[in-house]
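Accompanying notes for the structure given below.
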Amino acid sequence: MRWRTILLQYCFLLITCLLTALEAVPIDIDKTKVQNIHPVESAKIEPPDTGLYYDEYLKQVIDVLETDKHFREKLQKADIEEIKSGRLSKELDLVSHHVRTKLDELKRQEVGRLRMLIKAKLDSLQDIGMDHQALLKQFDHLNHLNPDKFESTDLDMLIKAATSDLEHYDKTRHEEFKKYEMMKEHERREYLKTLNEEKRKEEESKFEEMKKKHENHPKVNHPGSKDQLKEVWEETDGLDPNDFDPKTFFKLHDVNSDGFLDEQELEALFTKELEKVYDPKNEEDDMVEMEEERLRMREHVMNEVDTNKDRLVTLEEFLKATEKKEFLEPDSWETLDQQQFFTEEELKEYENIIALQENELKKKADELQKQKEELQRQHDQLEAQKLEYHQVIQQMEQKKLQQGIPPSGPAGELKFEPHI
């Protein structure tokens, strides 16, 4: 199952089930010193959402490929570079007809989904002159030239697209967090402008008080340090801190027993530290900031420990990290409340962008209002013309009656009264 771990861990899917043929590595610990250790029931663990717009397609393709014995055996021996380079994609030519048929169907469904997205985009832009094929080429995780067949090119493109997109995923999350904080500050300042001086001072005072309350928390251990891991060992694992053993710790927290600590398994180690700073019940604690803090901690530990940069921590890498001086005597960890997310210049630039966007929206709203008013004017004009027409018809009918001429029917034919 190592191929699946490598591929999906690298792509952040982190599928945590093993092939039934593989057995978990036994954990060598003194059972007399372990408290409250309960056997974990076997269960299918759903892979987390990668955040990619083709996440479901990626998962389905991997699930189908896993059912082919030949392909699975080839990939069990693969390393990350072989998977990333696309050399293994050629093995797709040897999978069973049944598997290829399923992959073909998945691709047709994905192409159909993308075309629906494009249609929705075109409808929203009302740009009939836009080239559909050019839009389709924006999606680089499949081969558009053959929309009905899943080929080795498709697998190669899917792996490379996921690898590239997810390598930039953390950076994108940091940028989105920064925008979130700037928007928060922008909205706070805009709200203050609506208040009188007395109310404004009250709000400013409350804001400063909330900041102080949030900053008043226990010391946060440096992520990945001995103190931090020992705290997890004692409080989460229920073990004696004097018996702390890095090798045992690694095996305890390698939840799926695949020989690696993946990003989700690492992030789980920081929960106790984050709970010192963030409480969802407290008004002053922002849970969005907590997730940013978790991401920063994980990135820091990965940079320090993951020497081959494959986004996975092996037991060897983990043990080497525990031999470093920084493991025993780390620098103090600066939490987000000790940092400035943006400068005044950056906030000003962001507010200018918001103002431009608001102006564009206002222009569109004004245009729509004008169109609505014009349509209403035309409607009223048509109604007036209809009324005038009916009045003229009625006057003509009355005049004919006065002259003794039979009234005409809807088609202009004369109506005669039957003689009895």
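Here the Cβ of each residue, glycine as well, is placed from N, Cα and C on the backbone.
Record note: Swiss-Prot gives Asp306, Asn308, Asp310 as Ca(2+) 2-binding, and the candidate from Glu299, Glu316, Glu317 in that site is Glu317. Feature annotation from Swiss-Prot across Ser42, Ser164, Ser257 places phosphoserine at Ser257. Between Ser124, Ser332, the residue that has phosphoserine written against it in Swiss-Prot is Ser332. Per Swiss-Prot, the stretch carrying the note region 'Disordered' among 76-98, 398-420 is 398-420. Ranked by Cα separation from Glu265 (Ca(2+) 1 binding site), the recorded positions Ser257, Glu317, Ser332 are led by Ser257. Residue counts for the motif 'GBA' (304-334) under DSSP, helix first, then strand, then coil, are 13 helix, 2 strand, 16 coil. The number of other Cβ atoms within 10 Å of the Cβ belonging to Glu317 (Ca(2+) 2 binding site), over all protein chains shown, comes to 18. Counted over every protein chain shown, other Cβ atoms within 10 Å are most numerous around Asp258 among the binding-site residues Asp254, Asp258, Glu265, Asp306, Asp310. Over all protein chains present, the Cβ of Asn308 (Ca(2+) 2 binding site) has 10 other Cβ atoms lying within 10 Å.
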